[in-house]
2 protein chains.
Amino acid sequence: MPKPVWPPARSWIAHYDRSWFTDDLTAGLTVGVMLIPQGMAYALLAGLPPVYGLYAATLPLLVYALLGTSRQLAVGPVAMDSLLTATGVGALAAVGTEQYLYLAVLLALLVGGIQLLAGVLRLGFLVDLLSRPIISGFTSAAALIIGLSQLPHLMGVDLGRSPYVQEILYSAIVHVPEINPVTLVLGLGGIFVLVGLKRWLPAVPGPLVVVGLAIAAVYFGGLFATGVSIVGEVPAGLPALGLPAMALTDVRALLPTALTIALIGFMEGIAVAKAVNARHPEYVVVPNQELVAIGASNIGSALVGGFPVAGGLSRTAVNDAAGATTGLAAVISAGVIIMTLLFLTPLFYYLPQAVLASIIMVAVFKLIDWREAVRLWRVDRSDFWMLAVTFLATLSLGIQTGIAAGVALSIGVHVYRSMRPHLAVLGRIEGTHTYRNVNRFPEALEEPGTLILRFDAPLYFGNMSYFEAQLESLLAERQRALHTIVLNAEAIAGIDSSAMYGLRRFVTDQRGRGVTVRLAGVIGPVRDAMKQAGLYEDVGRENFFLDVDQAVHNHCRTGYALQSNVP
Amino acid sequence: MPKPVWPPARSWIAHYDRSWFTDDLTAGLTVGVMLIPQGMAYALLAGLPPVYGLYAATLPLLVYALLGTSRQLAVGPVAMDSLLTATGVGALAAVGTEQYLYLAVLLALLVGGIQLLAGVLRLGFLVDLLSRPIISGFTSAAALIIGLSQLPHLMGVDLGRSPYVQEILYSAIVHVPEINPVTLVLGLGGIFVLVGLKRWLPAVPGPLVVVGLAIAAVYFGGLFATGVSIVGEVPAGLPALGLPAMALTDVRALLPTALTIALIGFMEGIAVAKAVNARHPEYVVVPNQELVAIGASNIGSALVGGFPVAGGLSRTAVNDAAGATTGLAAVISAGVIIMTLLFLTPLFYYLPQAVLASIIMVAVFKLIDWREAVRLWRVDRSDFWMLAVTFLATLSLGIQTGIAAGVALSIGVHVYRSMRPHLAVLGRIEGTHTYRNVNRFPEALEEPGTLILRFDAPLYFGNMSYFEAQLESLLAERQRALHTIVLNAEAIAGIDSSAMYGLRRFVTDQRGRGVTVRLAGVIGPVRDAMKQAGLYEDVGRENFFLDVDQAVHNHCRTGYALQSNVP
């Protein structure tokens, strides 16, 4: 495995091979060209003028190229972050105001600060709390919300802004009579061309073609007079560098949104970076360094007046497919945007907003994943319900509530399972020294006078009373002839002080009734904890055994149990 | 095990043995006599006139005797519920007002409704979320707060009410010059007599002696003129039956307090009921039925105008020690209180409040458990910190925040541990078929070309990426000569769809590199889940083995693996 260096870019700069350059150049140009319409579209989605999407596609890419551990991840404006920005900032200021612009920049700064701090504190593991069903349900619902949020641009009607799908749909239906027909035709046309190109000419950069066709149609067809909304003047030149003033009340108001974007944006990026990394064993994606890199990129976005950025799914896939070998590809993409800002902004004057909306819709609707829901219904009903709850909560209660509900539910189910774990009475499979669940293996027979039990969870405060109750009821059935209880502890991965207390009491109680309790296959960390708490003395050192067979026959094969197992 | 009947009292009424009666009578009278001063003291602690403590010690006891599964649990006013009542109701109304009385009764009704509902929904397991360190830290802090809350009565000064220990102490120090010396002497005298009797004459009912002495001192010593606060007129007669009107805004305001009391009150009762049950195998305490019983008792308390009740620690211990055999003892205790209400209330006119305060202080200060903290510091540092955080949070942020912080912390630590579980590389102990951690057993040697791994946790969304990362780094060290990976799955207690997805990808990746992945000792529920998800086909049926030894030698002893292990 390659050794990490700092900054991570040194690992490829130091050994840059000239043969890589053509691939990096092709990939960088391709992604840069994709970024022009996407950046403008996502700025619109975030409630900002399109040029801010180009700003956010400059410095952040350079910062990530320097600090990121993935060599293919394409950072920049992404749909999810943009929608969350619109929801979070939209609740505090009106679209089009100075205050809105200021809050969007402040949000990027906060997201960056949170991610940077989380990376330094090595909190990257928190992203593991998002299970696949949660991510799937959440992504499908968010894609639906994002897609539907483009209806006003497609219809050419102001529907007001709402993060709830039921309100968007209701408003859209009410406003059908006001539809601007030319706008609708442009938007639907854009969707058809994008879908058609993707299917029959996948090598052609659809968004760029659609943008070109639409500008030509508006300019030469004189469609402006029909009331079609166009992008209008895109300011030329590079953004000024500078950070926004940080008013404490604004920081506090934006904090929940910033935390959500920090988590979601990181999750999206790390997932795609890891997927791509699987095909590139020459480097390793380091989650905590990724947090630092994407955090610094967001601070970079705030520096150039941009909004929150993340590693994007589709552009990364294109970057990798086009042959990106190092971060140089991202530097070249940023160069394309910088050139566009300097020289090409007048070209976009007549670009209809409806076409940007069609680009967003086509991009997000393919993220809706019905198949995963159907598959889970078949193979894992409990995970299906988590997906369904997250999906419905996100749709009806909003993105933040949806993801919070999903995470809370999945942690709750995980904790509940560990509170009521599986346990099995074991019997010896005839003619072997192997012991298995008597309810599943008809050949496994219980030893006379001995109850052999396997408990499949760490013993802790949450399941100790369940463990005791289950044991009591098993004992009640067998009480008469019992002289030994063997606890197969191989699956007991940990033990806390509450469980230690309960176990001590149980062993003592049983001893009072003339029953010996033996522990088999206790794993190392649990042995350490028991030793520390003095449980060896309560249970009796002679009652620890390497495995169930030795415990049943009270036999320490070659003396290992006392020499090593119980140090 | 005895079969449950309904109502649970039928189990002892049907077989009541005359020989039990003397014991039940003695215990019932003893607890009844204890209840008179305790009930009045706890009513005072709850911010109510003393007689309400007697009301709360009538109907609830009868209801519990009918519906409870414990035959010794002594239900009635308890310190913790009373303090929580004072904090919760005190935030909404002034002590001594009609509104305060009404809210206290409404609180009892809400607590009862919540407990009853939780019992019907079988949510008794929720109490398992309170680990021993949390309970210990919380109890010590609450005892300190309760004890200090009596300072105003002991000093004879109004210090204002605060749930925070730092404010109580500050206020007490500021008001030292205003101390009423006679009140202080009566209170401190009460404490000395109670502690002295407990130590040298434990059979004497201390609280009753102190109350008697104090009434005599005030009456005959003419202390009333010195400004000593006395209980004053205790209304004679039984309370009228009736339920309070339920205003929705009041219900909403009381709900957090009601939820806390419902949980804490149940926890206290079930803990002591289970402890006593251990000495009485003739019946079984059923947690969900206990929720129903204590819930109905609280509704009973609301019916007679009382405040929230629970099963008390000290009175239950006395009840059991005095020989209580059935719920008849509780019926007799209630009878003592009813007689007191009918005929004896004038006796308490001159009872000084400082003496009731001394009874509370002596009762709660013995709940402060420093030894547990010291012990945990030695044997389980992580549990020590949970105790410490809960203790400090309860003291400084209040009881509800303290217990919430403790529960959140202990669940968080539990989840974190399952996200980063222990894993071990196994080697065969020479001359045996047993495989153990090579880092702990120097005699255990790795098999050439084979990596044997044990993962000590359920595989789920929270640890799948950790599992993959750990495996990758183990493989990187061994890559050259490896042909087989054996995963000892005995400690993998469950698997979810996220883990299934990761495992499938891992097995396929390894197969691409020419490495076979074998699973050994997969437990029943995990086999079921894998079968359901089609993982048998991905891993290959031939790669499932009963145990590690068979997997290492690719040998299905007597064919069990295919016949039964992989049905």
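Backbone N, Cα and C atoms are what each Cβ position is placed from, and that goes for glycine too.
Annotated in TrEMBL:
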TRANSMEM  A:51-67  transmembrane segment
TRANSMEM  A:74-94  transmembrane segment
TRANSMEM  A:100-121  transmembrane segment
TRANSMEM  A:133-151  transmembrane segment
TRANSMEM  A:179-197  transmembrane segment
TRANSMEM  A:209-231  transmembrane segment
TRANSMEM  A:251-273  transmembrane segment
TRANSMEM  A:321-344  transmembrane segment
TRANSMEM  A:350-368  transmembrane segment
TRANSMEM  A:389-416  transmembrane segment
DOMAIN    A:440-555  domain 'STAS'
Long-range Cβ neighbours of the transmembrane segment (A:74-94) (under 8 Å; 6 or more residues past either end):
31, 35, 38-39, 42-43, 45-47, 53, 56-57, 60-61, 64, 68, 100, 103-104, 107, 139, 142-143, 145-146, 149, 161, 163, 250, 253-254, 256-258, 260-261, 264-265, 268-269, 294, 297, 306-313, 315-316, 318-319, 330, 333, 360, 363-364, 398-400
Quick check for me: are there 3+ Cβ pairs below 8 Å between the transmembrane segment (A:251-273) and the transmembrane segment (A:100-121), leaving out pairs under 6 residues apart?
yes
Short question: which residues 6 or more past the ends of the transmembrane segment (A:350-368) have a Cβ under 8 Å from it?
37-38, 40-42, 44-45, 50, 79, 139-140, 142-144, 146-147, 150, 153-154, 156, 183-184, 186-191, 194-195, 198, 206-207, 210-211, 214-215, 218-219, 223-224, 228-231, 313-314
State the residues, same chain only, that lie 6 or more residues beyond the ends of the transmembrane segment (A:209-231) and have a CB under 8 A from a CB inside it; answer 'none' if no residue qualifies.
36-37, 40, 50, 153, 156, 180, 182-183, 186, 190, 193-194, 197, 347-356, 358-359
If we call contact 3 or more Cβ pairs under 8 Å (sequence gap 6 or more), are the transmembrane segment (A:51-67) and the transmembrane segment (A:321-344) touching?
yes
Give the mean pLDDT for the domain 'STAS' (A:440-555) on the 0 to 100 scale.
88
The answer for the transmembrane segment (A:321-344), taking Cβ pairs under 8 Å and residues 6+ beyond its ends, is 9, 12-13, 16, 20-33, 35-36, 39, 51, 54-55, 57-59, 61-62, 64-66, 68, 71-75, 236-239
For the domain 'STAS' (A:440-555), how many residues does DSSP put in helix, in strand and in coil?
56 helix, 22 strand, 38 coil
Find the member of A:100-121, A:133-151, A:179-197 that has more C-beta pairs under 8 Å to the transmembrane segment (A:389-416) than any other listed stretch.
A:133-151
Take the transmembrane segment (A:100-121) and find every residue of the same chain, 6 or more past its ends, with a Cβ under 8 Å from one of its Cβ atoms.
46-48, 52, 56, 85, 88-90, 92-94, 243-244, 246, 250-251, 254-255, 257-259, 261-262, 265-266, 288-302, 305-309
